[in-house]
Amino acid sequence: MSSVVVVGAQWGDEGKGKITDFLAQKADLVARYQGGNNAGHTVVVKGKEFKLHLIPSGILYPDKTCIIGNGVVIDPGVLIEELKYLESEGISADNLRISGRAHVIMPYHRRLDEVEEERRGANKIGTTKRGIGPCYVDKIARVGIRMADLLDPEEFRARLEQNVAAKNELLEKIYGVDGFDAQAIFDEYRAYAERLQAYITDTSVLLDDARKEGKNILFEGAQGTLLDIDHGTYPFVTSSHPIGGGATVGAGIGPTTINKILGVVKAYTTRVGEGPFPTELNDEMGDLIRKAGHEFGTTTGRPRRCGWFDAVIMRYSVRVSGLTCMAVTKLDVLDQLPVIKICVGYRYQDEVITHFPESLKKLAQCEPVYEEMPGWMSDTTGCRTMEELPEKARRYVKRLEELCGCPALLLAVGPDREQTIELGEAF
């Protein structure tokens, strides 16, 4: 038995979907442990692109059990649309299981997300307005509705009526917008419950049984380390824990059951939304990387902010997630660059710092200290072994390993499942 956690080591969008899909070949179960449909992952199999938001990437394999864990917040309407999408592509979701402890995104969560972001004005945090944050707020406030509650009409109605009364007062009196009809929501979500009932179970027991049977388990995170509610660039963060430790809480398994934690990191850096970004390139080079890497959000379509690789960030991710290895993605995006820069530290006032600062104000004042490396100026998309890579590309990867203190396990040289270089075994 082996358990591997896949986490984003930057600000999300690192290519976790592709890496999870690749590793899922040798896994028996694939479990998603946090986030919601604010995150998207794209998987390319034999040139065919699949875009998913809630269902784990492992669903593309017919023999894998896929789990949506208790740490995920679920919009049932979105989930059902995703099931229909997979069905239209000839992919069965019979092996999907959903934790009854996962919290449910309600229509009032989406409305609150929208009006609160509008109220912030210039201080907006860049939410996707899909109700993720407000759903997690209700979870912490202990007034949330869980998937298991949807299956109990009496319990669901009681919780819903109480919540709608409170949310309507907030929406109407504070934000000046219309509230909701509890009966309409009840009818809509009971229909969702009927559709999803067969998938809902105690997934913690399922995972524990699999562990005892010696099966390989892959845990899939969403977003990235720097979007973690505690360890990210607060307040420009998500509402959950994308770091390695989030897997144990969000899937209902003990920390001693984890064998490897793999951090997925791009060969450069991107960010969506607001907040400081020390290596950001607001010039032609940034545009070039954005176009070459097709850097537009899976969920929002927003253009991603692009910059050079930041080793300060990666060392931070190694520390807070306990990364044992890394997967470097989109190495091919750098194929035609004559010079490539790596941020090795930050210049703050009169000193150079090598640790990621806690203060957002301090981070915003940091200037990157760069180390330059020669580009390889050749196509890597057909490479399948380390030896096939150009020497300068191999040197670049080696330097990233040295600066981050983390060995590379996988290299991605294109979006397709086959465009992956294995340097070691995950399971």
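Using the three backbone atoms N, Cα and C, a Cβ is placed for every residue, glycine included.
Annotation comment: Swiss-Prot describes 12-18, 40-42, Arg304, 330-332, 412-414 as GTP binding site, evidence class sequence analysis. Taken residue by residue with DSSP, Val413 (GTP binding site) is part of neither helix nor strand, so it is coil. Less than 8 angstroms from the CB of Val413 (GTP binding site) sit Leu331, Asp332, Thr380, Thr381, Gly382, Cys383, Leu389, Gln419, Thr420, Ile421, each of them six or more residues away in the same chain.
Summarising the environment of Asp13 (active site, proton acceptor), the number of other Cβ atoms within 10 Å of its Cβ, over all protein chains shown, is 27. In this structure, Asp13 (active site, proton acceptor) belongs to neither helix nor strand by DSSP; it is coil. Annotation comment: Swiss-Prot describes Asp13 as active site, proton acceptor.
Look at Swiss-Prot and you will find Asp13, Gly40 tagged as Mg(2+) binding site, backed by sequence analysis. In the three-state DSSP reading, Gly40 (Mg(2+) binding site) counts as coil.
Annotation source Swiss-Prot lists IMP binding site at Asp13, Glu14, Gly15, Lys16, Asn38, Ala39, Gly40, His41, Thr128, Arg142, Gln223, Thr238, Arg302.
Annotation source Swiss-Prot lists active site, proton donor at His41.
Annotation source Swiss-Prot lists substrate binding site at Thr298, Thr299, Thr300, Gly301, Arg302, Pro303, Arg304. Thr300 (substrate binding site) has a Cβ environment of 16 other Cβ atoms inside 10 Å. According to DSSP, Thr300 (substrate binding site) sits in a coil region rather than a helix or strand.
Restricting the recorded positions Gly15, His41, Thr300, Arg304 to those with a CA within 10 Å of the CA of Thr128 (IMP binding site) leaves Thr300, listed by sequence position.
Asp13 (active site, proton acceptor) and Thr42 (GTP binding site) are 9 Å apart (CA-CA, integer value). In space, Thr300 is the closest of the recorded positions Asp13, Gly15, Lys18, Thr300, Pro303 to Asn38 (IMP binding site), judged by Cα positions.
Of all Cα pairs drawn from Asp13, Glu14, Gly15, Lys16, Asn38, Ala39, Gly40, His41, Thr128, Arg142, Gln223, Thr238, Arg302, which the record names as binding IMP, the longest spans 34 Å.
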